[in-house]
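K.L.:
The FAD binding site annotation in TrEMBL covers R122, Y124, L139, K141, M148, S149. The annotation domain 'FAD-binding FR-type' is assigned in TrEMBL to 71-173.
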Amino acid sequence: LQTMSGNEDDWLALKPQEPSPSQCCGSGCKPCIYDVYEKELAQWERAKAMQDKSLLVEKKEQSNNSELNPDTFTAFNISSVEQLTEDTYQYKFELPGNSSLRLSLGQHIVLRGVVNGLEVQRAYTPISPGNAEGYFEVLMKCYEAGLMSQYIKTWKKGDVVFWRGPFGGFPYQPNKHGELLMLASGTGLAPMLPILQSITDDEEDETFVTLVGCFRTFDRIYLKPLLQDLARYWNIRIFYVLSQETSLEKLPWSYQENTYIGRLNEDLMKTIINSCRRKPFVLICGSSAFNEDMSRYLKASGIEENSCFVF
């Protein structure tokens, strides 16, 4: 009888752990961490019923072949850490050889961190072009009280971190929409950048783009040189909305004519939409409060829900 209960303990030790709510990033990933758990649990139950542990062998918690995978986490090395503003960082991760992540536009990947023994997962959208070879880059904002932020703040060059994906994405097709209106708050800029870069890289793509970046102050605008480069293209306009600046006079003159002081409200939304060259298809990315406000203002401006995509 002793061997029997010992065997039972062995099986219990192999049973997959149900994820805690903090492990789900809430971004609607397919498969979600809960889907992966259900699959592993079914596999464990089957193996236990047949008393055959070899059926569990394919269950790999982490993979080290540096191929991004939606089901398992893969290890990646941090090759550089750059602080952009007081709370925002740009991280560069190595890809083996000249491989690329091959993400389609606006897709996100999920990061796993462990803080005080608690596992946390969050979704981030790489800002590097999907076909970048040998590396990918992610823009991350650290919040004072954020669990994941506490983990990210400890990173330095050479550290190994774990990602899985890709998930989601906006099914962008060149010339499908006459004009894209991108409404981005803070790091919500991230999913917009690969789409912008794919448009400027493709001479055949004549989509107009109006990007509206909402930041607190001028100093908090990320990646200014990149945005300035993009704004030089004939079909791309960039506006900034700065909620905590007091006057335009303090800004460099090159920013004064395309910057608004205050918040992006219903009136400003109508002004921007009226200035679009064609009826826009709208992409929105920011906090849930920002996304809800934008959806409401768009509706008031006569833009239907089927003409919007929220990241």
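We number each residue from 1, going along the chain as drawn.
Every residue, even glycine, has its Cβ placed from backbone N, Cα and C.
A TrEMBL annotation is a machine prediction, not a hand-curated record.
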K.L.:
So how many of the residues in the domain 'FAD-binding FR-type' (71-173) end up helix, strand or coil by DSSP?
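P.N.:
Output for the domain 'FAD-binding FR-type' (71-173) reads 6 helix, 53 strand, 44 coil.
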K.L.:
Starting from the Cβ of R122 (FAD binding site), draw a 10 Å sphere and report how many other Cβ atoms land inside it.
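P.N.:
If we count other Cβ atoms within 10 Å of R122 (FAD binding site), we arrive at 20.
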K.L.:
For the domain 'FAD-binding FR-type' (71-173), provide the mean pLDDT of the predicted model.
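P.N.:
Averaged over the domain 'FAD-binding FR-type' (71-173), per-residue pLDDT gives 88.
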K.L.:
Which of these binding-site residues has the least crowded Cβ, counting other Cβ atoms within 10 Å: L139, M148?
P.N.:
M148
K.L.:
Excluding R122, Y124, L139, K141, M148, S149, which residues of the same chain place their Cβ within 8 Å of the centroid of the Cβ atoms of the recorded FAD site?
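P.N.:
Near the FAD site, the remaining chain residues are L111, V138, M140, C142, G146, I152, T187.
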